[in-house]
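Here is what TrEMBL records for this protein:
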TRANSMEM  21-44  transmembrane segment
TRANSMEM  50-68  transmembrane segment
TRANSMEM  157-178  transmembrane segment
TRANSMEM  198-221  transmembrane segment
TRANSMEM  233-253  transmembrane segment
TRANSMEM  259-277  transmembrane segment
TRANSMEM  284-305  transmembrane segment
TRANSMEM  317-338  transmembrane segment
Amino acid sequence: ITSTHLSLMERESKFNSIAKVEIFSSITALILGVFVSYIGGGVYSLVTQTLAYSSLSAIGLFFYTRWIPSAYFSFAEVRGIFKFTSNLVLFNFVNYFSRNSDQIIIGRFFSSTILGQYSLAYRIMLFPIQNITFVLTRSLFPLLSRNQSNSQYSLSLYLHVLKTLAIVIPPLMVGIAVVSDDFVKVVLGEKWNGVAILILYLAPTAILQSFISTTGSVFMAQGRTNTLFQLSLFNAFLQVGAFILGATVSVVFIIKLYFIANLVIFFPNIYFAMRLLGGKWRDFLFISYKPLLSVLLMLVLLLFLKGYLNTITTFPSLRLAILVFLGGVSYIGFLSLLERKKPLEIIKDLKDMLNI
């Protein structure tokens, strides 16, 4: 009911107001859910939490927009948006199918234990995409839409987002891949040891997907949902094909093929998005090579340190703490050297970049 109100606020970049509504609704709904559970409501506590969140968000969004829908219909308006929306609906359908087919295929060919391990590893992989990439692309779309005719500004804005992702996502995912075994033991427990190898192979896929997921905002802002839909068919063919072919061997083989599929998908998706905005491949390489080189240097250092720590301590929590700390410090250090800036300036720049 309130999706239009939310879209209006996103179009006007009122993200502070949206955040207030979502945070207040989430916290209040959580408190109500816990209270209902405490008084013996059982499963109805989950229902209460969901209904409370939906109701409170609807009231909050209406309060900030003050927009009241009215009864109005026009064939001319429908024809005007039909091509855009029909391709977008088809894209969402294909994208949903391709992104969830892995669960279906793994559940069909492997045990529930393996499916559970894969699902957990996949959720860990999705964390940076959902909590960083989604936030950036959510604000990127209205800005690109408002400046549709200004290709120079749009390209600069898009490269700004890509550089932010290049600085943040790769070190996170490479870091968690290196410490995956200790991370699982300390955070999840020994019973989830099988998740470590899955995280290791899913990490590079997460890096690729963080960039790929930004292209949708570009295609929609430029009114090219037909291109978005056509690319989704190509993407789905490779991804689902990787799942089906990999299922004949093992879950690890599925993940390896999934990475290869995303690597192939990455190039045309970024290429067409950049071309729409008047950019070239060298623009992407120019803004990303320093962060990626810093990540590579961090990886070499962490692998050396991990091998050394394995010989002097058997405590996974200690190894994890040391590797996380030194990984973060070394990455900021390498990046500051390549960017010729002080470490504190790098951190300040990153904070500014996240506020697009």
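Every residue gets a Cβ built from N, Cα and C, even glycine.
Predicted, not measured: the structure shown is a model, and the values here were computed from it.
Taking pairs at least six residues apart, the transmembrane segment (259-277) and the transmembrane segment (50-68) share fewer than three Cβ pairs below 8 Å and do not count as touching. Only pairs six or more apart in sequence are counted, and the transmembrane segment (317-338) with the transmembrane segment (157-178) gives three or more Cβ pairs under 8 Å, enough to call it a contact. If you count C-beta pairs under 8 angstroms between the transmembrane segment (50-68) and each of 21-44, 157-178, 198-221, 233-253, 284-305, the highest count goes to 21-44. Most Cβ pairs under 8 Å to the transmembrane segment (157-178), among the stretches 21-44, 198-221, 233-253, 284-305, belong to 284-305.
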